[in-house]
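Q: Input: one structure, supplied below.
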Amino acid sequence: AASGVATNTPTANDEEYITPVTIGGTTLNLNFDTGSADLWVFSTELPASQQSGHSVYNPSATGKELSGYTWSISYGDGSSASGNVFTDSVTVGGVTAHGQAVQAAQQISAQFQQDTNNDGLLGLAFSSINTVQPQSQTTFFDTVKSSLAQPLFAVALKHQQPGVYDFGFIDSSKYTGSLTYTGVDNSQGFWSFNVDSYTAGSQSGDGFSGIADTGTTLLLLDDSVVSQYYSQVSGAQQDSNAGGYVFDCSTNLPDFSVSISGYTATVPGSLINYGPSGDGSTCLGGIQSNSGIGFSIFGDIFLKSQYVVFDSDGPQLGFAPQA
């Protein structure tokens, strides 16, 4: 039975986490995204100017084309990509998926053209939301799941230092105490779970649902919760240019916690200072609005405090404080 460890590395301010993946012999740096289910890569089919600064996949070298298959995906931040589809061998942390669908980009939006840190995405949500037509394809995890020692993966993202994706096993050295599991509703293709209540600084409130999303930088919550949090941060104000609430960089921030099946997951205030806002004097908050989408997004700001097990048996999520 297989298992493996892949190291993720944050970019500046922990904006995204990059992990090396070998596809048909070429190693690309991909953003692992538990909020989507497409494995797409920069390819030699893109205009040469858009390949600049990237490792690119050359499908004609090792790939086998799925004739007539196409894909097109758009993300919550407005970015998008599309192209055609090949199968190839894909290796992550020593675990290899044979005949894995690899979505070769032929068009990418400006956001991806400008981001030279990543060479594509590796989706780890449920395969039901894979965008390949006419027939959706399985994610890397779903392809290898049956060969793993346990049908799960786990993630530890860290602040400005490398972390891990563990495939097929749980590394008890990466967390303290014991894991608390909670059920997942995957009807929309996401790792969605419920929190029973939350505490923002000195104020508390009722629970809500959210998704565990490694591909989102911030912790995105209902407006009422966000305003309640920043009402406790002196001098905090909305700055639409910066992307939400900002505050003086020296401000001490309150903690934010959620109760999950009896376990309290706490994001320390120090992690809620995302980094410089870009205006030269303030910092951007790591908690921001979910734009009224009806659920919360537990992105990297939240995940940095936890070791999280994504278990396809159930399915369920396991949480414990990072060691």
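Backbone N, Cα and C atoms are what each Cβ position is placed from, and that goes for glycine too.
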Q: According to Swiss-Prot, which residue out of T7, T27, T34, T180 bears the annotation O-linked glycosylation site?
A: T7
Q: Between D33 (active site) and C283 (disulfide bond), what is the CA-CA distance rounded to a whole number of Å?
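A: So the Cα of C283 (disulfide bond) lies 25 Å away from that of D33 (active site).
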Q: Among the active-site residues D33, D213, whose Cβ has the fewest other Cβ atoms within 10 Å?
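A: Minimum Cβ neighbour count within 10 Å, taken over the active-site residues D33, D213, occurs at D33.
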Q: Within its own chain, what residues at least 6 apart in sequence put their Cβ under 8 Å from the Cβ of C249 (disulfide bond), listed in sequence order?
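A: Within the chain, C249 (disulfide bond) has Cβ neighbours under 8 Å at N273, P276, S281, T282, C283.
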Q: In Å, rounded, how far does the Cα of S3 (O-linked glycosylation site) sit from the Cα of D213 (active site)?
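A: The separation of the Cα atoms works out to 22 Å.
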Q: How big is the gap, in Å, between the Cα of T7 (O-linked glycosylation site) and that of D213 (active site), rounded to a whole number?
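A: Just about 18 Å between their Cα atoms.
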